[in-house]
Amino acid sequence: MKKNNRVVVGMSGGVDSSVSAYLLKEQGFDVIGVTMQIWQDKDEEAVRVEGGCCSLSAVNDARRVANKIGIKYYVMNFKDVFKEKVIDYFVDEYLKGRTPNPCIACNKYIKFEELLKRAWMIDAYYVATGHYAIKEYDEERGRYLLKKSVDTSKDQTYVLYNLTQTQLEHILFPLGKYKKDEVRELAKNLGLPVASKPDSQEICFVTDNDYGKFIRENAKEEIKPGEFRDTRGRFLGYHKGIIHYTIGQRKGLGISVGKPLYVVDIDAENNVVVLGYGDEVFGDELISYNNNFISIDKLEREMRVKAKIRYNAKEQDAVIRPLEDGKVFVKFDNPQRAITPGQSVVFYEGDIVVGGGTIERKVR
């Protein structure tokens, strides 16, 4: 595709994507705003999670912003692919006793794959979002790099580690060198109707933040109760179904043995939730799969990195080593709490994202 200055901006109705659209227009881009219709409930009405990118109010907010800054605006239907790649994945992972991150799946398959395809169909070379991240081309490496944003408290590179070189060529992150308060101030000065709109906190398609209810309604199989056992296999009681538990969880277990118990493992095959004491929640080794690397073509030898195992975690010193089947062995210098299958581990060198993958299991 011939390079041009047309860009599709994914507009969620929030302040970040709204300011992104404005900044790109000011930079001379031919900006087209698009809101992705991604999820509807069984009554075919838009899910209304307050502040969420799926709500009808979000569409109205995005349209008002587009009118205010003077850009074209469309709503595009991504419902079927979103259900397949995000909803079904979310439900299936919980049924397997794992804890998924739907935002990572949405970025990988929807925002930077499907939306990019739609952009190309309307002759737009770029897709832009309101993510806090920086993209740069490194002449020496001959590669695009993904780097942490200036506002480290808002940095979103953890959920972007799956980006490919082709995708990075066609992606713009206008907010990478801004701080959040600067973005809000700019929106306020521009008179944008979303200037003071709060950030979305919950998963956009789960109403009331009730994961269990959502999974029960969308699962193809019955959620069955099962047994709690300790790390030696001794029976402790009964659980309500493995979808209600995640590694490191303490609350809501309904089991009392005199000392606090935590979820340390989930055996989906046998429908068993394994409980242990505080020290048993920690581990310093894991294996990741579905790995993607950005700053390097592939991992060919042992490498010292900083790594983190969840979005809000602090980076920790670690060594990563390639395994024969494309998986990666990760050894932390210090034990980490609640290494959780289904979540992602992301590797950094300073501000540069090396890559990352999905946690398959804790080794020890």
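A Cβ is built for glycine as well, from the same backbone N, Cα and C atoms used for every other residue.
From a predicted model like this one, the values you see are computed outputs, not experimental measurements.
Every protein chain shown contributes to the tally, and the Cβ of Cys106 (active site, nucleophile) ends up with 25 other Cβ atoms within 10 Å. Taken from Swiss-Prot, the feature active site, nucleophile covers Cys106, and the record attributes it to sequence analysis.
What Swiss-Prot records for Cys204 is active site, cysteine persulfide intermediate, and it gives sequence analysis as the kind of evidence.
Look at Swiss-Prot and you will find Gly10, Met11, Ser12, Gly13, Gly14, Val15, Asp16, Ser17, Met36, Gly130 tagged as ATP binding site. All chains included, 25 other C-beta atoms sit within 10 angstroms of the C-beta of Ser12 (ATP binding site). DSSP assigns Ser12 (ATP binding site) to coil in the three-state reduction, outside any helix or strand.
According to Swiss-Prot, the feature disulfide bond maps to Cys106-Cys204.
Sequence-distant neighbours of His131 (site 'Interaction with tRNA') (same chain, six or more apart, CB under 8 Å from its CB) are Asp16, Gln156, Val159, Leu160, Phe173, Leu175, listed in sequence order. The site 'Interaction with tRNA' annotation in Swiss-Prot covers His131 (among others) and rests on sequence analysis.
Look at Swiss-Prot and you will find Gln343 (among others) tagged as site 'Interaction with tRNA'. According to its DSSP assignment, Gln343 (site 'Interaction with tRNA') is in a strand. Cβ neighbour count for Gln343 (site 'Interaction with tRNA') (all protein chains, 10 Å cutoff from its Cβ): 23.
Taking the C-alpha atom of Gln343 (site 'Interaction with tRNA') as reference, the shortest distance to any of the recorded positions Gly10, Ser12, Cys204 belongs to Cys204. Rounded to a whole number, the distance between the Cα atoms of Met36 (ATP binding site) and Cys204 (active site, cysteine persulfide intermediate) is 12 Å. Cys106 (active site, nucleophile) is 12 Å away from Gly10 (ATP binding site) when you measure Cα to Cα. Every protein chain considered, the tally of other Cβ atoms within 10 Å of the Cβ of Gly14 (ATP binding site) stands at 23. In three-state terms derived from DSSP, Cys106 (active site, nucleophile) belongs to a helical segment.
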